[in-house]
Structures are given as C-alpha cells and as structure tokens.
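> One structure coming up, written as structure tokens, with questions to follow.
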C-alpha cells in the first residue's frame, strides 16, 4: 500500500493519478530494475562460488590463506544475499503495486544499500586484483589457481557494474520521491 506524502509545509496530501499506460511504464521500469538486480545476484554468486572452490591440492595455494581473496569472497557473498533480498522486494512491488516497507523507507533503503554494497564490491575486487597481479610470478607452478582467482575477480567486477546500474535507478527513484513525493516519475 502506498502512503501519500504530505507537502513540506504541512498542506494536504496530493493524490497521484495513474493511467493504464503509466502503470505499464511503472511495471516495465520495475521489471528493468529486477533484471539488473538478478544479474548482480548471478555474477556475485558466481564470483563467490569460484573463489570458494579455488583450492588445488593439499600443498598448494588456498584462497583462504590470502586476506584479499577472503575479502573478495565475503563481499561477493554479502552482495549476493542482498541482491536476493532486493529481487524479492522487486517481485513483491511488481506483483502487488506496493513496496515491502513504507515508501519513504524503501526508497532510501534501496539507494543507501545499493551505494554501500557497490563500493564494497568495488573495493574488494580492486584488492583482489592487486593480489592477483602481485602473485603473477608465483603462478608458474599454480596456473589453475591464478586463472580461477582472475575469473572470480572478473565476475565480481561485472556484478559491480550491474549493482552500479541498479544504484543509478534507485537514485532516480530517490530524486523522483524528493520532487514528486512518490518514487514514480509520472
């Protein structure tokens, strides 16, 4: 259920008119956000799984022996869980035409968490990239370990791109909420 927002100077609330075309545009916009959130989930989960399964033999390298790779795994796993929650919220919003939380909370929750987790992912994957670059000399003996680490980091960067686009959309919704008193631009 949408809660109408009062005007800033205490006046009456404004009721928004939504035509059938407007509702179709809103569903398309929400579906587009869902696609980007699903993509961020898939790539972050794949990155976490690639890093988690990156161990070769008992005497060679293990991902958990390197702080940077543990950071890559943890950040991608956290973003995968967050993206799963946001996909659930997006499906709820598409199916019921209402947000999971009150509208003001949902708009700021989405935007704030998208920003925090996007920067977390960028930071973790940048740290992992530096570790992988530093290890290039040691990779002559453990080539599969290094290749799988590179793949996990690359998947994490792609997950960051999709989460960044989701953050742009949620930022657009915040601006619409500030201007119109509703998360919709119509």
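Heads up, the Cβ atoms here are built off N, Cα and C, so glycines get one too.
Grabbed the feature section from Swiss-Prot, which reads as follows:
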type	residues	note
TOPO_DOM	1-31	topological domain 'Cytoplasmic'
TRANSMEM	32-52	transmembrane segment
TOPO_DOM	53-71	topological domain 'Extracellular'
TRANSMEM	72-92	transmembrane segment
TOPO_DOM	93-103	topological domain 'Cytoplasmic'
TRANSMEM	104-124	transmembrane segment
TOPO_DOM	125-150	topological domain 'Extracellular'
CARBOHYD	125	N-linked glycosylation site
TRANSMEM	151-171	transmembrane segment
TOPO_DOM	172-186	topological domain 'Cytoplasmic'
> Among 32-52, 72-92, 104-124, point out the range having the most Cβ pairs under 8 angstroms from the transmembrane segment (151-171).
32-52
> Against which stretches of its own chain does the topological domain 'Extracellular' (125-150) lie, if we need a Cβ under 8 Å and a gap of at least six residues from its ends?
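Non-local partners: 50-51, 53-56, 60-61, 63, 66, 68-69, 71-72, 75, 156-157, 160.
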> Give the residue counts of the topological domain 'Cytoplasmic' (93-103) per reduced DSSP state, in the order helix, strand, coil.
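Here the numbers are 5 helix, 0 strand, 6 coil.
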> Please spell out the DSSP helix, strand and coil residue counts for the topological domain 'Cytoplasmic' (172-186).
9 helix, 0 strand, 6 coil
